[in-house]
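Undergrad: Just dropping this structure here.
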Amino acid sequence: MQPDANAPLHRLARVAAHLNPQMEEGAPALRPAACRAKGGAPGFKVAILGAAGGIGQPLSMLMKMNPLVSVLHLYDVVNTPGVTADVSHMDTGAVVRGFLGAQQLDAALTGMDLVIIPAGLPRKPGMTRDDLFNKNAGIVRTLCEGVARCCPDAIVNLISNPVNSTVPIAAEVFKKAGTYNPKRLLGVTILDVVRANTFVAEVLGVNPRDVSVPVVGGHAGVTILPLLSQVTPPSSFTQEEIKYLTNRIQNGGTEVVEAKAGAGSATLSMAFAAAKFGDACLRAMRGDAGIVECSYVASEVTELPFFATKVRLGRAGAEEILPLGPLNEFERVGLEAAKKELSESIQKGIAFVNK
Ligand SMILES: NC(=O)C1=CN([C@@H]2O[C@H](COP(=O)(O)OP(=O)(O)OC[C@H]3O[C@@H](n4cnc5c(N)ncnc54)[C@H](O)[C@@H]3O)[C@@H](O)[C@H]2O)C=CC1
Ligand SMILES: O=C([O-])CC(=O)C(=O)O
């Protein structure tokens, strides 16, 4: 006789199996995916690597709220059981599963459509993003090797700093594994856009939701180049305003690092920005048209192999890299300074994987 699928004890066993994947062994019929009303909803499978961190925790919450997410895998080397239990109680559709430590990385990544990576050390006052290279380069390499092994077709949103170097690192890892598709590797620079929209709106006295500022180049100091001549709605600024806004946007990260005084860097605004970017990727993957965001990607817009500009997102990732558009003299000077620093950061990333 078949077991009664509606028997209360059987249902509880299935819920327990969902909470504790160890139970799956020897009890294949009780897999989490078989849970009633769990995992069956249409949507995308998303993994967050570094999910227990300052960015990872609020980002996990925001992705659990996203109706396009059906399965959410939370991976970290510490504390994922607690974060997973906590986030999993939110009454939204996504099934949440936690994965702890290197031996569970492959399980965390298998079958994922989108992998968001905020793993790695944050800055303390007095540090540059490049000072994080020695620790974070290895972390990003290991995680991207996992992506190449377990979900080579996933779109990757890379947050870990220094982004100007970690994206080239990821590209080299994927090239070595034979899985590299430049459209699927997106460096997350949207926080610069989020800040630029906020600071420009303050100066203009309008709602930041109504402002859009393209920010190009990269994600560190002078490589962050806001194009104030291309703000929408079209707006004019005095020379003094341009200098103030450019400086504030370029140093937005440092402003937070100093205000946090040793307790880390931007986490909440970054989680907000990453959730916005992740949602844009998911909508594009669903087939929505006309989705354009700034991102640091493989690019032919300049002579550098990577550069952040507006990109049109589609089912395959960054389907079109949009041109810089007309720059004024101030922006042309800024572009040269950005390219000089970016070139060194890119070379450093490539050399790290090939040494
Ligand atoms: N792209 C951007 O705009 C921004 C990037 N960041 C960068 O994001 C990164 C994370 O920042 P926070 O969350 O504030 O740091 P955090 O230290 O609070 O969290 C980092 C998390 O990564 C985890 N982790 C370390 N090694 C790992 C590994 N091998 N595998 C998986 N997880 C690992 C840690 O256990 C920790 O939970 C930093 O590198 C930071 O500079 C921060 C803000 C903005
Ligand atoms: O400034 C940092 O170190 C973190 C970061 O990238 C940002 O907030 O833009």
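Placement of Cβ uses the backbone N, Cα and C atoms for every residue, glycine included.
TrEMBL: automatically predicted annotations, no manual curation.
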Undergrad: D76, D106, D113: which one does TrEMBL list with G50, A51, A52, G53, G54, I55, G56, N136, I159, S160, N161, M270 for the NAD(+) site?
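TA: Looking at D76, D106, D113, the one TrEMBL places in the NAD(+) site next to G50, A51, A52, G53, G54, I55, G56, N136, I159, S160, N161, M270 is D76.
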Undergrad: Check each residue in the chain of A52 (NAD(+) binding site) that is at least six apart in sequence and keep those whose C-beta is under 8 Å from its C-beta; list them in sequence order.
TA: L74, D76, V78, N79, T80, G82, V83
Undergrad: Given G54, R195, M270 as the binding-site residues, which ones have a Cβ positioned under 6 Å from some atom of ligand 1?
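TA: Close enough to ligand 1 are G54, M270.
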Undergrad: Over all pairs within G50, A51, A52, G53, G54, I55, G56, D76, N136, I159, S160, N161, M270, the annotated NAD(+) binders, what is the largest Cα to Cα distance, rounded to whole Å?
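TA: Value for the max Cα separation, rounded to a whole number: 18 Å.
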Undergrad: Could you put numbers on the helix, strand and coil content of the domain 'Lactate/malate dehydrogenase N-terminal' (45-187), residue by residue per DSSP?
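TA: With helix first, then strand, then coil, the domain 'Lactate/malate dehydrogenase N-terminal' (45-187) has 66 helix, 30 strand, 47 coil.
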Undergrad: I want to check the contact list for M270 (NAD(+) binding site): same chain, sequence separation of six or more, C-beta distance under 8 angstroms. What comes out?
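TA: Within the chain, M270 (NAD(+) binding site) has Cβ neighbours under 8 Å at I55, L59, P118, I159, L191.
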Undergrad: Hey, of the binding-site residues listed (R123, R195), which one tops the CB count within 10 A?
TA: R195
Undergrad: Count the other Cβ atoms sitting within 10 Å of the Cβ of R129 (substrate binding site), across every protein chain shown.
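TA: Excluding its own Cβ, the number within 10 Å is 25.
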